[in-house]
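Here TrEMBL flags B:6-23, B:66-88, B:108-129, B:150-169, B:215-231 as transmembrane segment. The domain '4Fe-4S ferredoxin-type' annotation in TrEMBL covers B:296-327, B:376-406.
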Amino acid sequence: MNVPIMSDLAAEGRKPEILFWVGCAGSFDARAQRVTKALATILTNVEIDFAILGNEESCTGDPARRAGNEFVFQMSALQNIEMLNMYEVKKIVTACPHCFNTLKNEYPALGGNYEVIHHTQLLQELIDEGKLKVEGGSFKGKKITYHDSCYLGRVNGEYMAPRKVLEALDGDLVELKRCKTKGLCCGAGGAQMFKEDEPGDKRINTERTEDILASDATIVAANCPFCLTMLQDGIKAVEKQDDIMVYDLAELIVTNNQW
Amino acid sequence: MGLGQIIFIIITFAAFYLAYKQFSKLRANIFLGKPETTEGDESQRWKNVFLVAFGQKKMFKNLIPAVFHFFIYAAFLLTQVELVEILIDGIFGVHRFFAPYLGGLYTFLINFIEVLSVLAFVATIVFLARRNLLKIPRFVKSEMNGWPKLDANLILFGELALLIGIFSMNGADVALQKLDPAHYPDTGYLAISSTFSPFIFDGLPEGVLVVIERFGWWLHILTVYVFLNYLPKSKHLHIMFAFPNVYYAKLKSRGEMENMPEIMNEVKSMMGLAPEAEMTDEIPEFGANDVFDLSWKNILGAYSCTECGRCTAQCPANITGKKLSPRKIMMDIRDRVTEVSKNLETGDVKFINEEKRKEGTVLTKDNYDDGKSLFDYITREEIHACTTCNACVEACPIMIDPLEPILKMRRYEILTESAGPADWTPMFTAIENGGAVWQLADDRDAWTKE
């Protein structure tokens, strides 16, 4: 697919309105790549002037910082900030709540000040403004549940935007037993994604899968590439992968609009 | 001056003096931690104190305990009014000093206290049952074994003693008002005491009634004094420290980990973005391995914690059987501060770091070294299990942040010790060398070319 790259635009003397921050998972993880493509498809279809950094993008440093490695975090973050400032980036959208949080809340102290929004917030805005039409009703009557990621929900207080997007899809939204401020983590945050669990009774995604099974939903909507992986693994572990599908909100919109 | 007055004045003085000594110690212990400035909107801080501490807003996420807790809390606050009268009566040898002056208002106040006291009595029984009979899961986790469990029960028994004191005092008083109105001023009709008093106290000799009234009075005030001096040793300290803890709680985004300017500047100079940092001979220490490296606000949080376990009940690691319990983190910090403080108090030179131990050196927090650290209380397994999901931060009714000390300990482990989970090393290397969390040969924009 044809996605504008920041450096190409800069060479033509152009500045996009918004930078799409893809993130490591969105760039490299096969499952998360599908979300990246879905969001790029939406941005293209609603004719938003956007670009990605491409190979000039680096990890925001979130997992390194939360693991305690401030050196690695600072190295990656300061490089990114230098680049973002060079391109005079004003607004960033990202489909990863960890990137979102670090860009929004942690980069300012290092000299990086941008307006940062999570893609679910952008989707809600676009729907509200009438720029993104959600038509077709592919999800009408389907039982959809929503998993709050910690870094969009509890950490940044965004519970409503993704739910409003889901309402626009016209599905039958059911809440999980633990949701919003009490939403249960998928188990990946704080750099857990990159290491084995400590000894315990079960994995955190197994515990979360039990909430999903209890909701009777056939579709789980998520907003984070790491939650996607964790929830899918949890569902697979109980062999329900054919009955319960986990999607990012952007994917649901693309499917619905048959783009 | 009567003998009773003299005894009362001596006991009162002793109780306040001992409490003052203990609270001064606590203050000093809190400031064993690092300085941290208090930034941000002051009006927001006061709003938090009003809504979260005073108004108990966050308690009401869990309705049943919130309502019962509110009974005890309201009774506690209002009983302070009565304590003023007890102090005046005790010192000047008078009886119910305010009654003749306040008239109807006095009747109203005492009635208010009585009704709240009954509700508090019910709540105390309910709480004892929740802890000891129903065994609500968060009350019976392993960190609650021993002293914490006893502490919780002692507080509840203390509350029962207070309430027994109030009602024997008021009940006998009502009976005495009929026998000796000259010495026992009319309190008006008391909703609880005037109702039960005739059944129990009418017909008893005046001497017995006087003894019962005095017993209730002394039991009440002595329990208060015992409580005052017990607080600094107990989780019950939250009744005071919740207020400053909420005031000083972080206002900036939960998502922002405290920046480390010393590392930022070093990296900037490495990247040629800033002039080279001056090198010092001392090996720098980052993060926290002991209470001295925590912020004083972390220690205030540890003292404010009443071990309710709402954090632990929400912790995904704890729910799935891992050793991590955010409550235990706070309890451990408190225990370690207590240990360090006791050792510092001895002034024993054996607690001076061997390299700094010279003739005439005095033990201070700067040369303190007892060969132990926070890691002797909090294991690595615990801090590694945290997903930084902030459920504990969200759950705490008085805005304690158990996550911050966990992350400070992770920083110590990685930055100062170069230790930590081996699984993380490839992730660090990948970010450092390839700018991605995984070591991959692919281009970052390969997905656009498919």
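Just so it is clear, glycine is given a Cβ too, placed from its N, Cα and C backbone atoms.
Are these features on the surface or tucked inside, and what are their neighbours?
Long-range contacts of the transmembrane segment (B:66-88) within the same chain: residues 12, 56, 59-60, 94, 96-98, 109-110, 112-113, 116-117, 119-120, 122-124, 126-127, 159, 162, 166, 217, 220-221, 224, 239, each at least 6 residues beyond the stretch ends and with a Cβ under 8 Å from a Cβ of the stretch.
For the transmembrane segment (B:150-169), same-chain residues at least 6 beyond its ends with a Cβ under 8 Å from one of its own Cβ atoms are 72, 79, 82, 113-114, 117, 120-121, 124, 127-128, 131-132, 139, 144, 192-193, 196, 212-213, 215-221, 223-224, 226-227, 230, 234-236, 307.
Across the domain '4Fe-4S ferredoxin-type' (B:296-327), the prediction's mean pLDDT works out to 98.
Residues of the same chain lying 6 or more positions beyond the ends of the domain '4Fe-4S ferredoxin-type' (B:376-406) and with a Cβ under 8 Å from any Cβ of it are 48, 52-53, 56, 58-59, 238, 242, 245-246, 249-250, 254, 258, 288, 294-295, 298, 301-302, 304-306, 308, 310-317, 322-330, 332-333, 335-336, 413, 419-421.
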